[in-house]
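Novice: First, the structure itself, so that you have it in front of you.
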Amino acid sequence: MATLQSLLEDIKKRNKGESEFHQAVEEVFASLEPVIEKYPEYLESGLLERFCEPERQIMFRVPWIDDKGQARLNRGFRVQFSSAIGPYKGGLRFHPSVYLEIIKFLAFEQTFKNSLTGLPIGAGKGGSDFDPKGKSDSEIMKFCQSFMTELYRHIGDSVDVPAGDIGVGSREIGYLYGQYKRIRNEFESGVLTGKGIAYGGSLVRKEATGYGLIYFVDEMLRDNGHVMEGKRIAISGSGNVALYACAKAQELGAKVVAMSDSNGYLHDENGLDINLLIRIKEVGRGRINEYLEFYKNATYVEKPEDVWSVPCDIALPCAVQNEIGLREAQMLLDNGCIAIGEGANMPTTNEAISLLIEKGVLLAPAKAANAGGVATSALEMSQNDMRLKWSFEKVDNMLKEIMVDIYNSAKFAALEYGLDKNYVAGANIAGFMRVAQAMKEQGVV
Ligand SMILES: NC(=O)C1=CN([C@@H]2O[C@H](COP(=O)(O)OP(=O)(O)OC[C@H]3O[C@@H](n4cnc5c(N)ncnc54)[C@H](OP(=O)(O)O)[C@@H]3O)[C@@H](O)[C@H]2O)C=CC1
Ligand SMILES: N=C(CCC(=O)O)C(=O)O
């Protein structure tokens, strides 16, 4: 008879060398132990094995011509992980660190996240090893057009709906959509989300992941006798998620004193000027160290991983996977950090999660806390379906409600299994149960 442990070993054997995917599965299996004890049929029927196997993985060649007339070559991916509760849904990551297994772990995480939103969206993820940094607008466009020339055959508003992630913002979505529309000869606005407002994008989508993170963390703090007001916050990353998490945290009265990028971290004890940072990053497409030209008291240290050495009450990892290991977790504990809100996907190692929870740090897990982006993407799909355009306030209120619901789902799932305040386990359990129920009713497919 299979056990959780023997299944985990089998999954590791079947996916040799895929350390991030192994890590993601290990974390989930640790959470599901009490669930499988109560419902062994999820294991005995092979459902859990199917749950951890992507429905489809697609890899394709992406040739393009650079501004010098040189032929360039990248690789594209799309992992369509689960369609149990809706069409595949998840971002596209353009970054040189991308390869198939990275996309697979991200797509696996998306299964739980999309389930927790309560909306009809399955799980997928895609991307490329293309590096947008240092590329001209024309090169970005030519790459996106070539990428979509391959991807279009695999997506659709009821099949698979990509969106943004690292290196993919509304500019890239626009170029991808333009090529898709040209090939399909059809205005299928719901096929991509994160679109520009002029042609079907939803208000709040740009801000959603960052805002949603703060809504979740604020709910978690309040439920545990704390307030956001007056708290010191350190954030890793300075992209779409980090910038809008910073803006909303400051709106709620917190002081954000540090933010990072892949070259280092910015520190301003007076609190970062978020409007300047948004101008530098979004308008100028510049680097955060340009901030020093405006604020002489600020510092920029060329060690991104040491952003967590800046004393803070709340840490918001909003960059990449595994940026908080045991070393960084100890830095946070030594500085009296009381809460962590994961804006990035899988930013904390399993060892660091165990240490932080053991020490009583309130940990808002990525699958739950950063679901605001995909939830608002689903709201964009709904508006597109109905050919409607909702107001910023309407969408923002829906986002806030969804994030509070997600918090409560994680909280009460943890409580049901005697795992009070273990929001990592609660999110994994609540996310799993909805998809597992759908899989059970749909048969062995
Ligand atoms: N966009 C979305 O809707 C959602 C995104 N996420 C997750 O949030 C995280 C950030 O995504 P997003 O803000 O969209 O991406 P962006 O491309 O807008 O920003 C990424 C940020 O992370 C920084 N970064 C990248 N690599 C490293 C590194 N090795 N060390 C430190 N910083 C690094 C980048 O710095 P630099 O400019 O130097 O490269 C940049 O500041 C990702 O983990 C993503 O998967 C989760 C849910 C939704
Ligand atoms: N990159 C995203 C957003 C995906 C989406 O909006 O479909 C994520 O949830 O990780």
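Every residue, even glycine, has its Cβ placed from backbone N, Cα and C.
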Novice: For the substrate site that TrEMBL describes with K89, Q110, K113, G164, which of these is also annotated: S354, S377, S382?
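Specialist: Candidate in the recorded substrate site: S377.
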Novice: Give me the Cα-Cα distance between S377 (substrate binding site) and D165 (site 'Important for catalysis'), rounded to a whole Å.
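Specialist: Roughly 12 Å, rounded to the nearest whole number.
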Novice: Which Cβ among the binding-site residues (Q110, S377) has the fewest C-beta neighbours inside 10 Å?
Specialist: Q110
Novice: Quick one: Cα separation, K125 (active site, proton donor) versus K89 (substrate binding site), in Å?
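Specialist: With the alpha carbons as reference points, the distance is 7 Å.
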Novice: For substrate, what surrounds K89, Q110, K113, G164, S377 with a Cβ no more than 8 Å from their Cβ centroid?
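Specialist: Residues close to the substrate site, other than K89, Q110, K113, G164, S377: G90, G91, N114, I121, A123, G124, K125, A163, T193, G373, V374.
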Novice: Tell me whether K89 (substrate binding site) sits in a helix, a strand or coil according to DSSP.
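Specialist: DSSP call for K89 (substrate binding site): strand.
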Novice: Compare the C-alpha of K89 (substrate binding site) with the C-alpha of each of the recorded positions D165, T209, N240, and give the closest one.
Specialist: D165
